[in-house]
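Participant: Sharing the record's features from TrEMBL:
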- 5-43: domain 'Sphingolipid delta4-desaturase N-terminal' (DOMAIN)
- 43-61: transmembrane segment (TRANSMEM)
- 68-87: transmembrane segment (TRANSMEM)
- 107-124: transmembrane segment (TRANSMEM)
- 187-204: transmembrane segment (TRANSMEM)
- 210-231: transmembrane segment (TRANSMEM)
Amino acid sequence: MGNRVTRDDFEWVYTEQPHTQRRKEILAKYPEIKTLMGPDPHLKWIVSGMVFMQLLACYLVKDLSWKWIFFWAYAFGGCINHSLTLAIHDISHNVAFGNKQAKWNRWFAVFANLPIGIPYSASFKKYHIDHHRYLGGDSLDVDIPTDFEGWFFCTPLRKLLWLFLQPLFYSLRPLYVNPKAITRMEILNALVQFSVDLIIYYLWGLKPVIYLIAGTILCLGFHPISGHFIAEHYMFLKGYETYSYYGPLNWLTFNVGYHMEHHDFPSIPGCRLPMVKKIAAEYYDNLPHHQSWIRVLWDFIFDDTLGPYSRPELLRALTLTHLQHWPLGQHQLAAGAAGAARLPWVVEGLGGVAETRSRSHSQCHGLTPGQAVNARKHRACEEWEEVLVSM
């Protein structure tokens with residue numbers, strides 16, 4: 001129980017993510033599920049109420065002592081802020097005002113961002129699209145921990161520290177794994193957010209600002225609600241890369257626990273995801289799922305088989321553009337380009353090569369995380385070369 005994590009590499013997967021095929025099957029059998037798609041008319045009112053509740057809390061905490069500032073930040077304000085990050089998650093799928101009002105959704109996400117204290121919504125939107133499109137994709141899905149995280153946070157104490165530091169890693173990881181140009185919306189998001197922070201500071205002093213930011217950092221770290229970060233995609237059972245949670249905390253988190261259903265139908269708002277499970281029960285009832293996010297955190301910390309490496313990392317999302325950065329010969333790339341019609345798996349998955357391989361670090365023993373990455377990519381390239389040359 002107190003030993004190092006036995007897994008020392010990701011679960012490397014070559015198959016297409018299951019959500020695409022299951023979505024096709026369910027829609028073919030239950031076309032009425034399409035009626036669940038579209039905006040949630042109540043979401044904007046719920047989120048607005050939460051934002052104004054936090055502004056009222058800022059006024060109420062302005063004269064409290066520092067110990068009570070941090071207590072209420074963790075016990076109350078942070079819960080609201082964490083819930084708002086999940087509202088922003090829903091809004092990123094345009095379910096507040098619908099797909100035809102994309103700008104309204106983006107600006108409403110900026111509004112929902114205000115109590116969080118740190119600009120977040122625009123950057124989240126930018127990267128969350130890749131999370132769905134390239135679920136677990138190597139160097140594309142920034143939800144996947146880095147090799148350093150998997151290598152270093154490998155004991156119960158270190159895993160506990162990693163959970164506390166989740167906000168830091170979620171903020172900085174995209175800049176390292178898949179850096180993207182700063183967008184105009186991100187700049188506007190930051191300007192609005194910091195302007196509101198300054199207004200709150202001018203009106204009520206420093207304590208309300210600390211209350212908001214501390215609540216965000218604390219409750220996105222080691223907190224019962226944060227169990228969803230681990231529960232959603234960490235591989236508790238081999239062969240399953242997404243898990244749902246059907247416990248009571250869904251009431252506070254816009255049903256983010258219905259994560260299998262969400263990845264199958266991203267355009268369905270969280271409030272209607274239980275209906276997906278009810279209509280297509282035979283597709284979900286027998287899948288492994290969680291009943292407690294607290295138990296998820298406990299198992300993650302103390303189970304020797306679980307750690308940051310307990311994620312399926314996929315080569316399914318590689319494109320020829322990405323392969324150009326690897327040591328493939330030009331003739332192999334030319335073969336791949338010439339046979340693009342025969343390479344749908346280069347974009348979405350290997351399709352016919354229906355296998356999952358657990359990659360052991362035994363071949364990379366003694367290497368630094370960076371060296372291990374390059375070694376694994378070199379081995380992967382050799383396999384890609386075999387496939388491309390055979391064309």
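Glycine residues also receive a Cβ, built from the backbone N, Cα and C atoms like all the rest.
Are these features on the surface or tucked inside, and what touches them?
Facilitator: Note: the domain 'Sphingolipid delta4-desaturase N-terminal' (5-43) comprises 19 helix, 3 strand, 17 coil (DSSP; helix = H, G, I, strand = E, B).
Counting residues 6+ beyond its ends, the transmembrane segment (107-124) has Cβ neighbours under 8 Å at 44, 47-48, 50-51, 54-55, 77, 80-81, 84-85, 87-89, 91-92, 96-97, 174, 183, 185-186, 188-190, 192-194, 196-197, 209, 212-213, 215-216 in the same chain.
Tertiary proximity for the transmembrane segment (210-231) is limited to same-chain residues at least six positions away from its ends with a CB under 8 Å from its CB atoms, namely 54, 57-58, 61, 69-70, 72-74, 76-83, 85, 115-118, 160, 163-167, 170, 197, 200, 243, 245, 249, 252-253, 256-257, 259, 290, 292-294, 296-297, 300.
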Participant: Report, as numbers and ranges, every residue of the chain located at least six residues beyond the transmembrane segment (68-87) whose Cβ falls under 8 Å of a Cβ in that stretch; write 'none' if there are none.
Facilitator: 43, 46-47, 50-51, 53-54, 57, 61, 112-113, 115-117, 120, 124, 207, 210-212, 214-220, 223, 225-226, 252-254, 256, 270
